Structure formats: structure tokens, C-alpha cells
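Student: Copying in the features that TrEMBL gives for the protein in this structure:
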- 41-437: domain 'Major facilitator superfamily (MFS) profile' (DOMAIN)
- 98-118: transmembrane segment (TRANSMEM)
- 124-153: transmembrane segment (TRANSMEM)
- 165-194: transmembrane segment (TRANSMEM)
- 200-223: transmembrane segment (TRANSMEM)
- 263-287: transmembrane segment (TRANSMEM)
- 307-329: transmembrane segment (TRANSMEM)
- 341-361: transmembrane segment (TRANSMEM)
- 367-387: transmembrane segment (TRANSMEM)
- 407-436: transmembrane segment (TRANSMEM)
Amino acid sequence: MDEKSSTKKGPEFCSLRYGLAFIMHFSNFTMITQRVSLSIAIIAMVNSTQLHGLPNASTEGPLADTVNNPSRSMKEFNTEASVYEWSPETQGIIFSSISYGIIVTLIPSGYLAGIFGAKQMLGAGLLISSLLTLFTPLAADFGVILVIVIRTIQGMAQATQSQPFPVFISAFLSLFSSGAAFGSFIILCVGGLISQALGWPFIFYIFGSIGCVCCLLWFTVIYDDPMHHPCISVQEKKYIVASLAQQSSSPRRSVPIKAMVRCLPLWAIFTGFFSHFWLCTIIITYLPTYISSVLHVNIRDSGVLSSLPFIAASSCTILGGQLADFLLSRNLLRLVTVRKLFSSLGLLLPSLCAVALPFVASSYVTTIILLILIPGTSNLCDSGFIINTLDVAPRYASFLMGISRGFGLIAGIISSTATGFLISQVEFTFLLFVYIV
């Protein structure tokens with residue numbers, strides 16, 4: 001009995017599967033740092049006068065002030081690093097270009113993974129993204145068009161990360177997913193320090209190099225077939241083989257597209273994803289610039305302050321999940337009521353915080369508190385419509401999650417581009433009203 005039970009569950013801690021999940025966590029961490037690196041670096045890359053509607057401003061002022069006034073806001077970057085006169089509209093296009101690449105290759109990446117194998121596709125995507133990150137500072141000197149092209153190709157490479165998980169590693173999914181939140185926190189917290197100490201190009205050099213190291217680790221440790229892995233134990237091999245056999249024997253079902261199109265609850269979920277990603281994209285993309293320009297802090301402090309909301313987001317995700325489970329386990333609320341409650345709170349509370357921002361812009365502490373609450377309360381959606389596809393159509397949850405993510409990416413493209421155009425037309429603090437659209 002003991003032998004059968006151990007074969008069923010398989011070893012967990014210090015197992016090969018645990019190591020695989022950790023490497024995937026590391027790769028996810030690397031991908032998100034490379035994606036967000038531009039958000040913190042652009043504070044030093046772009047002439048600060050561009051934010052105030054002076055498209056023809058000279059770059060000599062900030063560089064001279066760096067020597068004379070080293071404590072000035074947005075002036076504390078390496079004097080040899082280039083400063084570009086990119087308008088807010090151009091910045092919006094640059095930010096959204098990576099989403100173009102991701103959405104274009106979501107479906108083809110899954111098809112190619114079936115041909116070449118997940119190991120080669122994920123590893124190649126990580127390698128391409130890392131090399132392009134290293135090349136970004138040089139591309140910026142050649143012109144904004146090349147930067148947009150590189151970011152688009154980088155998005156295409158990062159789309160390979162959205163591959164389905166095999167049964168035997170699904171238990172460690174939370175470890176893999178946590179890489180994104182941890183990566184966002186680290187790049188924003190450390191990016192400003194790197195830019196101030198070494199210059200903004202080193203943000204790309206450091207995290208691009210980390211990606212290359214991760215890629216080397218990936219191709220060395222990861223195997224497509226667990227049967228040929230040199231470090232796997234006999235016990236774990238039996239468990240994996242049994243899990244894969246169970247997965248392959250599950251019957252295939254055709255996807256009822258027509259029924260899904262007519263299903264109003266699904267459209268409510270898609271709308272929720274669109275709204276949620278609209279908010280999250282603006283936060284992760286423009287928060288460092290907002291803090292730097294509105295609160296007038298240097299790039300180091302801007303990075304540290306921008307990382308604080310992600311601590312709140314992670315905490316609210318955990319607390320929200322625990323609260324939802326408590327309400328359901330005690331039969332205090334029905335499942336549909338819990339989903340509606342957390343979806344409403346996750347969309348309404350951050351919108352109210354965003355609406356309040358322009359009215360408290362003069363208060364440093366209040367502004368920071370509201371900025372922390374926006375992504376924190378927004379993550380209450382994780383216990384709402386984010387997992388609602390498992391309730392509505394559990395058999396097709398993976399397919400519907402892909403469609404939902406597509407709606408989210410479209411929202412990211414529109415919000416990043418629209419925000420860039422609006423910044424040049426209205427005051428930056430007033431722009432936070434965009435969150436409630």
C-alpha cells in the first residue's frame with residue numbers, strides 16, 4: 001500500500017518536478033523583467049521636458065544639470081548615456097509594441113511547440129528575448145523604429161511562455177506564476193538604482209545577461225522526455241509516466257464555438273479581462289513615469305516606490321483567495337455571489353482610487369497610498385472572473401483562458417497607445433481617469 005501511494009503522489013520537495021518548476025519560475029521572472037525594464041529605464045532615456053509638451057526641447061539641459069545638480073529629479077543618470085526626444089505618443093507605441101508581438105504568435109507558438117517540442121520553443125523564446133534586451137540600448141541610438149521592431153519581435157518570443165502545463169507539474173503552478181509578480185517587483189525596485197549608479201543601458205545589459213544564464217540552465221537541465229533525464233529517480237519516473245498516460249488517454253472533445261459565442265457569462269468574463277488588463281497595463285507601464293513626473297522624485301526613488309504596489313498586489317491575491325475559500329467553505333455565500341463580489345470589488349475599488357488621484361496630487365503620502373491600493377485591490381479579481389471559466393466551462397477552461405488573455409492583450413495595446421497620446425494633450429494627473437473607461 002505504501003509503495004502504491006508513493007507512486008501515485010510521487011516525491012515533491014527536492015524532486016525533479018520541483019526543480020523544473022523552479023527553473024520555469026526563473027524563466028518567467030526573467031521574461032517579465034525584460035518586458036518591464038523599459039518602463040523604468042525610459043525615465044532616464046527620455047528628456048524630461050517631453051512630459052510637459054515641449055517636443056523640440058534640447059537634450060543639453062538635463063545632461064548639464066546632472067553635473068551641476070545631481071539631486072534633481074530625473075537627472076541622476078550616467079552622463080554618457082543617451083537621452084532621446086521621444087514624444088509621449090511615440091512612447092505609447094513603443095510600450096504597446098510588445099503586446100502586438102505576443103498576440104500575433106499566441107496560436108502559432110502552440111502549433112510550433114507541437115512540432116519542435118516545448119523545450120526548444122520555450123528555450124528559443126527566452127534566448128531571443130534576452131539577446132534583444134541586450135541589443136535595445138544600441139537599437140535606441142539607431143532610431144525609434146528599430147526599438148519598436150525589436151520590442152515586437154521580443155513579444156513574439158515571449159509568447160512561447162504561454163504553453164499548457166503537463167499534469168505532473170500542475171501542482172507547482174503557483175511557483176511558476178509567482179515569477180511574474182516577483183520579477184515586476186525586482187525590476188522596478190532595482191532598475192532605478194542601476195540607472196542611477198551605472199546608467200540606464202545597464203538595466204538592459206544586466207537583465208539580458210540574466211536571461212542568457214537562465215537560457216543556458218534551461219537547455220542543460222530541461223528534457224522533453226523524462227525517461228532520458230539523467231537525474232530522475234525510478235519512483236518519480238513511474239509517477240510521471242503514469243500521469244502522462246492518464247493525460248493522453250483523456251477523450252478529446254470538439255469545442256462548441258457557437259454555444260460559447262451566445263453565452264453571456266463568457267462575454268462578462270471577457271469584458272472583465274479587458275477592463276482588468278487595461279488597468280494593469282497602465283500601472284506597470286506608466287507608474288514609474290507618473291511617480292517621477294508628478295511627485296518629482298529621482299529615478300532611484302521612483303523605482304523603489306513603483307515596486308511597492310506589487311507587494312500589495314501579491315498580498316491581496318493571497319488574502320482574497322483565502323477569504324473567498326472561507327466564504328464558500330462555510331456556505332456563507334453561493335459560488336456565483338462570491339465570484340460577482342470579488343469581480344466587482346476588483347474593478348470598482350481601483351477605479352475609485354484612480355478617480356481620487358488628481359484631487360490628492362498635492363499630498364505625497366496620500367498619492368502613494370492610493371497608488372499602492374490600485375493594483376492591490378485590482379488583484380481581488382483573481383478570486384472573481386479570472387478563475388470563473390473553471391466554473392462556467394471546466395472542460396474548455398484552457399481554451400477560454402487563452403481567449404480571455406487575448407482580450408487582455410488587446411486592452412494592453414489600446415491602453416498603452418492611448419495613454420501616450422493623452423499625456424501630450426492633458427495633465428498627467430488627470431490621465432488616471434482613463435482607468436474607469
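FYI, residue positions are counted from 1 along the chain as it appears here.
Using N, Cα and C of the backbone, Cβ positions are placed for all residues, glycine too.
Situate these features within the shown structure.
Tutor: Residues 19-20, 23, 26-27, 30-31, 33-34, 37, 40-41, 44-45, 77-78, 81, 119, 122-123, 126-127, 129-134, 136-137, 187, 191, 194, 229 of the same chain, all 6+ positions outside the transmembrane segment (200-223), place their C-beta atoms under 8 angstroms from a C-beta of that stretch.
Residues 36, 39, 95, 99, 184, 188, 306, 309, 343, 346-347, 350-351, 354, 371, 374-375, 378, 381, 384-386, 388-389, 392-393, 400, 403-405, 407-412, 414-416, 419, 434-435, 437 of the same chain sit 6 or more residues outside the transmembrane segment (263-287) yet have a Cβ under 8 Å from a Cβ within it.
Cβ atoms under 8 Å from those of the transmembrane segment (367-387) belong to residues 268-269, 272-273, 276, 279-280, 283, 287, 290-291, 294-295, 305, 308-310, 312-317, 320-321, 323-324, 338-347, 349-350, 353-354, 356-357, 360-361, 435 of the same chain, restricted to positions at least 6 beyond its ends.
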